[in-house]
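**Student:** First the structure, which I've put down as structure tokens, then a few questions once you've had a look.
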Amino acid sequence: MKVSLPAFEKARVLVVGDVMLDRYWVGPTGRISPEAPVPVVKINQVEDRPGGAANVALNIATLGGQVQLAGLVGQDDTAHALTLGVQTLGVEPQWLTIADKPTITKLRVLSRNQQLIRLDFEEAFDKADSVRLLKQSEALLDSVDVVVLSDYAKGAIDQPRDFIALARAKGVMVLVDPKGSDFGRYQGASLITPNMSEFEAVVGTVTSEADLLEKARGLLKQHHFDAILVTRSEKGMTLVTANAPELHIPTVAREVYDVTGAGDTVISALATSLAAGADLPQACAIANTAAGVVVGKLGTSTVSRIELIEALALHHGESGFGVVSEDQLAYALEQAKLRGERVVMTNGCFDILHAGHVSYLKQAKALGDRLIVAVNDDASVKRLKGDGRPVNQVDRRMAVLAGLASVDWVVPFSEDTPQRIITRLLPNLLVKGGDYKLEDIAGGAEVIAAGGQVQVLGFEDGISTTAIIQNIMANQ
């Protein structure tokens, strides 16, 4: 499967669920306590990280999505620390404060990268608190495309059926990270993401691949889910939908260091991808890759777009390349330059790709390590070439270009010239075909001012899109 990142900045997501603070006390240990047979840890580092549903929201924000976070907190210093933690990364908290309950806190003591003990500070929230939270969250549905219910069985999400039904009626997808043995609580959800233990707690022991699929499809029918994504640790993920063959995605983790928050990463990457316009198989592949990154980190962690681009390139070869948005390309270009790669850029309409184009692009690629092709969108081609053009729509033109071995990235632009996009990207070498003077090439002055170069390459004589069109018309 070819995997490319959607424009995450377009994603609008609401996360509702059990928010908590993950607190870490870290230090060396060199002796056993005289009071009891336990190690003595000399704490020299204290760190607070948003956890649970808050970690889901942070993952979405780190990927570039717009996210609101609804949850239950106490009237305490921990709630203040949690608020600061999420606001720092642009998450908009929508707390419901319960004065007589503490904000959930999980304190972990670590030494030499090993967790020695975990201490939980929490009290169960009342069912009435959950009802109030979900009712408060209904007002946010009109401003989002996807809702994530992040359930840690702490009381924030007790009976969400009515909330799910309302969201679906408004055209909002609902993704659920489930907890407990009653998946019927989430009836009507678009997608649920149980891990294997959670799945077997509901359906019983899975004895084979066929058994897994049969039981998953049974849940789809019973609870009116659109899809189930079962996360299976070292076996990857299995996506089961009602009307399509199952999809198995193998794990991409290189080294498992800490699985804390891996489920949060999966559902956050799914939500961000789907809200940004990715289809479900693509979103699952992106989520699988994100999970492979996060398990290589210590503690509750997030995955950035840069890390995801690098991981996709590593595990999928062409992933992270091909047809990309301008923002995706800016990130990829930054990483290419950090790796010391020489980036070449050219542009054009490329309406009917012909041998002259192929030869020209091959020459351009030979001048560096990576080649960007910026393509005029349909409206700008029509303005430049007149009625009847383009012959091929921009998505088809870009797909053909992306299939060439010489081309690494293809990006559209809407202006009559590529001046703006070239000025933003600033390649090492800007190439143009034809008989242009260097000073007349759009973006050339800016590239040179930034330390880059501009070069003109020749086209093959007698081959042009216009000539091809005229020949076709003459032979009709």
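Note: Cβ is positioned from N, Cα and C throughout, glycine not excepted.
Quantities reported herein were computed from a predicted structural model and do not represent experimental measurements.
Pasting the feature list from Swiss-Prot:
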ACT_SITE  Asp264  active site
BINDING   Asn195, Met196, Ser197, Glu198  ATP binding site
REGION    1-319  region 'Ribokinase'
REGION    345-476  region 'Cytidylyltransferase'
**Student:** I want the residues beyond Asn195, Met196, Ser197, Glu198 whose C-beta is within 8 angstroms of the mean position of the ATP site's C-beta atoms, in chain order.
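**Tutor:** Result: Pro194, Phe199, Glu200, Ala201, Val230, Thr231.
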**Student:** Minimum Cβ neighbour count within 10 Å among the recorded positions Glu198, Asp264: which residue?
**Tutor:** Glu198
**Student:** Tell me the coarse DSSP state (helix, strand, coil) of Asn195 (ATP binding site).
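**Tutor:** Strand, per DSSP.
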**Student:** So among Asn195, Met196, Ser197, Glu198, all listed as binding-site residues, which is physically nearest to the residue listed as 'active site'? Use the C-alpha atoms.
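**Tutor:** Considering only the listed binding-site residues, the nearest one is Asn195.
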**Student:** Just to verify: the residue among Asn195, Ser197 with the fewest other Cβ atoms within 10 Å, which of the binding-site residues is it?
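**Tutor:** If we count Cβ atoms within 10 Å for the binding-site residues Asn195, Ser197, the smallest count is at Ser197.
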**Student:** How does the region 'Cytidylyltransferase' (345-476) divide up by DSSP, counting helix, then strand, then coil residues?
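**Tutor:** Helix/strand/coil tally for the region 'Cytidylyltransferase' (345-476): 54 helix, 26 strand, 52 coil.
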**Student:** Return the residues near Met196 (ATP binding site) by Cβ distance under 8 Å, restricted to its own chain and a separation of at least 6 in sequence.
**Tutor:** Val206, Val230, Thr231, Arg232, Ser233, Lys235
**Student:** For the residue listed as 'active site', what is the secondary structure state per DSSP, taken as helix, strand or coil?
**Tutor:** helix
